[in-house]
Every structure is written in structure tokens, then in C-alpha cells.
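Everything on this sheet refers to the single structure shown next.
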Amino acid sequence: MKQLSKKTNTIIIVVSILVAICAIVFTRLNSSFYHIPLGEVTKIESHHQEKSVDEQHNQDVKYKDVLQVKLLNTKQQGDTLHVEHRYNASKTEEQAYQPGDKVLLHKGKNQKDTYVIEKKRDTVLVTVISAFFIALLIVGQRIGLQSILSLVINALAILSAISLYHAYPQLNLFLLMSLAVVIATILTLWLVIGWSMRTIVTIVSTLLGTFICIFIAWSVIGLTHGHGIKYETISFLTIQPRTVFLTSVMVGTLGAVMDVAITISSGMYEVLQRSPHISMQRWVLAGRNIGRDIMGTMTNILLFSYLAGSLPMLLLYLKNGNTLTYSISMNWSLEISRAITGGIGIVLTIPLTIFLMRLWLSLRGGAAR
């Protein structure tokens, strides 16, 4: 993709802002498009609270409100309902509602059977996504536009694989996701780097790093029979837990491995551009130094992102009287395994990328001696 001119970039940003404003306004006025009852909280008629303590001495406060809700759609549009709503201070199950909040409702035959399902959040969601995309365009310009396209492509590839498996359960989930990963990798790197031999090097090193680390994980799990890995969180699925685990590892590892491959290949290419007569030994050493600099940070990013997802469940286990070791083994064994596998992929990608870049330069007949 060629460099966008300043005028073209400005037009894209202005159009994006206008589209975002229109989308946000639409979400404020789209009540009639909902097929389920939608209402707006106009008043809190009563408010009661009660303290509670469980057997583990965890304290909480239970609240009971009676909400006055004005219907915004259905045949009863404009009618006012009085809906009882219960929640607690910790907001583990339900949240508090304030006047002005729009809520989705379940209407029973009697008004007593009516309750709030959840808050209408499409306006907030569209606002956040729009702000993210516009920020990408303003800061990244051409690269920002490419990033948005790659995000959309990656999401479509993964969702398409999941949809195919949902429609045809007899298909192999791992193979479907592998195909999606290959397609997403090729299209993403083509958008980010452009099509060249360097792009092919980055694609090959990314896919090799990802699939080699998955093969290592599969081999280790097979040899150890999966001892120490708790599949309880995914055991209710009618799919072999190992398949689901390896599929999730592959998707999670891909991003980090791709980042490492791009960073090293781009860094080595930039070194070659600035010093075309650099020796092969020094050029390879530059690639190693880049890899060493990012290896630790990328591994930590993987570890923290995986552990963060299970942190609420870990705290729930601890709050219910379970020991720290048991809570970690039940909630973090899968996440730590994913992080370790991803770390292996990151480490393997460094020498793979350097080797392939060296091979590329040799075939190209470059100046590095």
C-alpha cells in the first residue's frame, strides 16, 4: 500500500469522525430496532439494603430497588412499569441502575414477573471502538489504516473458523483454526509490510515459530499424559480438552510470535539499508541483539495477559476458603502452560527469523559479506 498523501489522510480521518458521530447518534435513537422490550429508568421509587455475611466471613450488602421504567418500544411504548431490581455492593451478579439508564427488559404476563436483563451498552461500545479507530488513523495514518484492516481480517478469519465448526461439528477444530491462522498471518503481514521477499521471510518464520511450539506442547502433553494441567474449565465441552487447549495456545501465541518476527526482520532490514556494506557476522549479531531485547518483554506480556484473564476466578477460589496452591493449580495451570508454550514460540522465532533473513540476503546477492 503506497504512502497516503496528507490530503487523502485528512479526508479519511474527517469521514471516519463523521461516520462515528452518525453511528453514536443512531445508537441513541435505535430503540425501535430492538426485538425485546427496552426501557429508560426515570426514577428510583424505593431503596432498601441489608448486610450479609457468609460462612467464610465475606461481607457484602444486598440492595433492593423499585425502578420506575418508561418503555421505549413495543406496543406499550410510553407506558411506565414498576420493576423490582436486586443487586449487591460487590456487583457480582447485577449492577445498580440510575435515572437515565436504558435497560433491556424481560416482560412476564404480570408486572411482578418483569425484570431487568442488562443495561443497553451499544452507545458506549460504539463510542470506544470509534475513538480507538480514529486514534489509530490520527497517530498511525497509513499504518493505522492498515492496522484497522488487519484487525478486521483477523477477526473475520477466526470467527469464520468458529462458525464453520459450529455449523459442521464433524470438522477438526484445530485444522480449521490452523487454516485461519495461516490466512490471517499472510494477509496481515502483506498489509503491514507490503509484498516482498522480506514479507515471505516474516510469514514463514511466524508460522514455523507458531507451529513448532504447538508441536512441542502436543508432544509434552502426550508424553506426560497431561498430568498437572487442569482441564476442568473446559471439560464440559463435547470436544477433547487437549484440542481446545492447543487451539487456544496457537491463537494466543500467534500475535506475540508475529510481533517478534516483524521486529527482527524490520530491524535487520533497516540495519542493512543504513549500512549496506556491513559484514554478515555483524549483521546477524544485530539481529540477535534485537531478539534479546524483546524476548523478555514479549514473554512477560504473554504471561501477564494470560494470568489477568483468570484473576477474578482465582480470587473467588481464595475467598471461598481454598488454599493458594489449590486455587493456582485450578485456575492458572492452563494459563501458565499457555504462557510457557508461547514463550517457547518467541524464543524459537528469533533464530528462525535471523536464519531466514540471512538466507534471503544470500539469495538476493546482498552486500553483507
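A Cβ is built for glycine as well, from the same backbone N, Cα and C atoms used for every other residue.
Here is what TrEMBL records for this protein:
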TRANSMEM  12-29  transmembrane segment
TRANSMEM  123-140  transmembrane segment
TRANSMEM  147-168  transmembrane segment
TRANSMEM  174-193  transmembrane segment
TRANSMEM  200-224  transmembrane segment
TRANSMEM  244-272  transmembrane segment
TRANSMEM  293-318  transmembrane segment
TRANSMEM  338-361  transmembrane segment
Long-range Cβ neighbours of the transmembrane segment (12-29) (under 8 Å; 6 or more residues past either end): 4, 122-123, 126-127, 130-131, 133-134, 137-138, 145
Contact ranking winner - 123-140, 147-168, 200-224, 338-361 against the transmembrane segment (244-272), Cβ under 8 Å: 338-361
Long-range Cβ neighbours of the transmembrane segment (200-224) (under 8 Å; 6 or more residues past either end): 178, 181-182, 185-186, 189, 193, 242, 245-246, 249-250, 253-254, 257-258, 260-262, 265, 337, 341-342, 344-346, 348-349, 352-353, 356-357, 359-360
Cβ contacts under 8 Å made by the transmembrane segment (147-168) with residues that lie 6+ beyond its boundaries: 133, 136-137, 140, 176-177, 179-181, 183-184, 187-188, 191-192, 251
